[in-house]
Amino acid sequence: MVGNQDRWREDIFVACPLRDLVPDDHILKRFDRVLDLSWLRDEVADCYCSDNGRPSIDPEAALRLMLAGFFAGIVHDRKLMREAQVNLAMRWFAGYRLHEELPDHSSLTRIRQRWGEERFKHIFQRTVTACCTAGLVDGETVHIDATLIRADVSWESVVEDHAEQVLLENSGENGNEQRAVAPSRQGPPRSHKGQIEKHSLTDPEATIATSSHERRMEPCFKQNTAVDDRTGVIVDVAVTTGEDSEGKQLLEQVARVEGNTEREVKTVTADAGYAHPRNYAELEKNKIEAVIPPQREPGIARKLPARRFKYDARYELVHCPGGKTLHPGKEKDDSSRVYQSRSCDCRNCPLRERCLPPSSCHRTIRIVLGYEALLRARRRKARGWDADTRELYQRHQWRVEGKHGEAKTLHGLRRAVRRGRWNVAIQAYLTAAVMNLKCLAALLLMLFIRLFRPSPRSDQPMPASSPI
């Protein structure tokens, strides 16, 4: 017999709690078991007036709405509130009854502005602490990588600036005061050969960058991520402009990881973009193994490479393959030192044709900070990494890069939904917090399965093993 369901019959009263309408295996129910926000009210208390104004939205309810939205990949406030109106699981997770009115979408925007970037960073750090307490974080091996987040701007808002002309017009003639001069409508002359920079008028902090030479340049931000090796917990997140070098962020990120996890890092893996000499030197100084493939020395046809020159750090001298000495030059900064040979030494040198171009009369070698550590890393890579190191670097590729793919595919981090670096940082912190909560929820499910899995009876015979 074919059944008939009366579609227009509605219940006036719901005779069960809202919690009973949400399935027990729903991810938000597992989130609720591992999420503790009892500290949040005291954390944001200084953002509100205690004796004046209307009562605000409950901070815990607002944060739960944001977390539920980021888990579902809903990063826009309007779409989130529309979904929460009809989604029983979201209503229950945020603490709203079935007939209770939800806050307006603009309230979430105002809450982000009121709380600021630092508080959302603290929310993310709380999830890291919870993962450490649950035993999900080892802290000894960390995988670090960076990814680009497309900015919320259009190409029509991107303009070109001639950096030298802008600096010249914005600086006074005497150099004591700066004045803003409106650029010419005709723009810079075509014969100008200064450095050309592009920036967006809509979001000036979004800079033009690309992840490879095959893809076109786009206005974007850069997220630097550190992932623990044991279970893939994100232990640090930082957002910079797209043009900032990720290699310069490595040492600061390692220090933040040790602060977040309260554990000493022993091994760091990263790609060749982090192969800076200073990084090798500082990691070696702190007794941290650097599994970072060094970049090859740039070679020039018919020219002796710099590795043929021997650097004497004790006397600050460089010895060339011909037996001559290169002395420190006048150019000097905090990160490198230039060494230069004498013209008389190079004039009759038998290696002159291989060492110098025809238009030059002396050889110049630049020794950067950490040069010796870089040479050791190159020699180690040339000899070949051992099996454990190769396996660790392969694990880096799917640990941290897999987290980036998950964040962009499932949680809406492929493109920034708001403008300004601090807004993108909040989006990155909430995304990382949701992904860490997923690790905690998975651990809870695994423990539940192990606890309630029926054990085999002792009187039952064990199955015979198959012959090899």
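Cβ atoms here come from the backbone N, Cα and C positions, even for glycine.
The structure displayed is predicted, hence computed values, not measured ones.
Helix, strand and coil residue tallies for the domain 'Transposase InsH N-terminal' (18-114), in that order: 59 helix, 0 strand, 38 coil [DSSP]. Residues annotated as domain 'Transposase InsH N-terminal' in TrEMBL: 18-114.
Residue counts for the domain 'Transposase DDE' (320-440) under DSSP (helix as H, G, I; strand as E, B; rest coil) come to 66 helix, 19 strand, 36 coil. The annotation domain 'Transposase DDE' is assigned in TrEMBL to 320-440.
Look at TrEMBL and you will find 168-217 tagged as region 'Disordered'.
What TrEMBL records for 428-452 is transmembrane segment. Among residues of the same chain six or more beyond the transmembrane segment (428-452), those with a C-beta under 8 A of the stretch's C-beta atoms are 27, 30-31, 33-35, 66-67, 70-71, 117, 120-121, 123-124, 126-128, 130-131, 134, 136, 149, 223, 225, 231-234, 237, 239, 403, 406-407, 411-413.
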Reported mean pLDDT - the domain 'Transposase InsH N-terminal' (18-114):
91
